[in-house]
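**Q** If you scroll down you'll find the structure; I have some questions about it.
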């Protein structure tokens, strides 16, 4: 779940805009963010800090190195199903299908997991594009804010991934790359939380990257193999 930090920070402590920057709670929060992001810890919103935290980022709380959800939920099987419920008008259905399949392959390449697409009924991971309020109590907020969110493994909504259809979805470096975001969100669908390593895929800040060469960082591999083990050849 991706959002711009300053707005969510202001709203989270219920202060007028004129007061939130000097509040001790906010200063402490800024220090924690700076420490997590590997910046100089000053408690001040300097230009370097602002530049980083204003980038789209996953809204789950920040944690150290690779991490899992509380209780370490994971799928109790290695063959998982997924279903694409609808499509964004930004891309052809074939392009979306290919991006989603490729994103799952990133995770199956280093684990025993296998992903099988279904076209009707319930699947372990239900994938959809939606706008604003979409019946999961985590509404999207329009262009440039939240990009997507996914839920930890479990029944009903567990594992499902939702993408904000008001974003500019692409398969290139311009706009928001669907493949890149999908790999990150499916990490959540499989039970991974966030990493402090800036080169890790599960680092919470969305960054443009070389899509021609997209290997998982060792930290991502350590995390997913902690949950599911090594790939068996």
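Placed from the backbone N, Cα and C atoms, the Cβ positions cover glycine too.
The following feature annotations were taken from TrEMBL:
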- 58, 184, 188, 194, 202: Zn(2+) 2 binding site (BINDING)
- 71-230: domain 'Peptidase metallopeptidase' (DOMAIN)
- 90, 165, 167: Ca(2+) 1 binding site (BINDING)
- 124, 158, 160: Ca(2+) 2 binding site (BINDING)
- 134, 136, 149, 162: Zn(2+) 1 binding site (BINDING)
- 141, 142, 164, 167: Ca(2+) 3 binding site (BINDING)
- 185: active site (ACT_SITE)
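Give me the structural setting of these features: burial, nearby parts and distances.
**A** According to its DSSP assignment, residue 188 (Zn(2+) 2 binding site) is helical.
Counting Cβ atoms from all protein chains shown, residue 90 (Ca(2+) 1 binding site) has 17 others lying within 10 Å of its own Cβ.
Taking Cβ-Cβ distances under 8 Å and a sequence gap of 6 or more within the same chain, the neighbours of residue 158 (Ca(2+) 2 binding site) are 73, 151, 152. In the three-state DSSP scheme, residue 158 (Ca(2+) 2 binding site) is classed as coil.
DSSP classifies residue 134 (Zn(2+) 1 binding site) as coil under the three-state reduction. Under a cutoff of 8 A between CB atoms, and with a sequence separation of 6+ in the same chain, the neighbours of residue 134 (Zn(2+) 1 binding site) are 128, 140, 162.
Following the DSSP three-state reduction, the secondary structure of residue 141 (Ca(2+) 3 binding site) is coil.
Sequence-distant contacts of residue 185 (active site), defined as residues of its own chain at least six apart whose C-beta falls under 8 angstroms from its C-beta, comprise 148, 149, 150, 161, 163.
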**Q** What does DSSP say about residue 149 (Zn(2+) 1 binding site): helix, strand or coil?
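**A** In three-state terms, residue 149 (Zn(2+) 1 binding site) counts as strand.
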**Q** Counting distance between Cα atoms, which of the binding-site residues 124, 136, 142, 164 is nearest residue 202 (Zn(2+) 2 binding site)?
**A** 164
**Q** Based on Cα distances to residue 194 (Zn(2+) 2 binding site), point out the closest of the binding-site residues 124, 160, 164, 165.
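**A** Of the binding-site residues 124, 160, 164, 165, 160 has its Cα closest to that of residue 194 (Zn(2+) 2 binding site).
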**Q** If you compare CA-to-CA distances from residue 90 (Ca(2+) 1 binding site) to each of the binding-site residues 124, 142, 160, 164, 188, which comes out shortest?
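**A** Nearest in space to residue 90 (Ca(2+) 1 binding site), counting only the binding-site residues, is 164.
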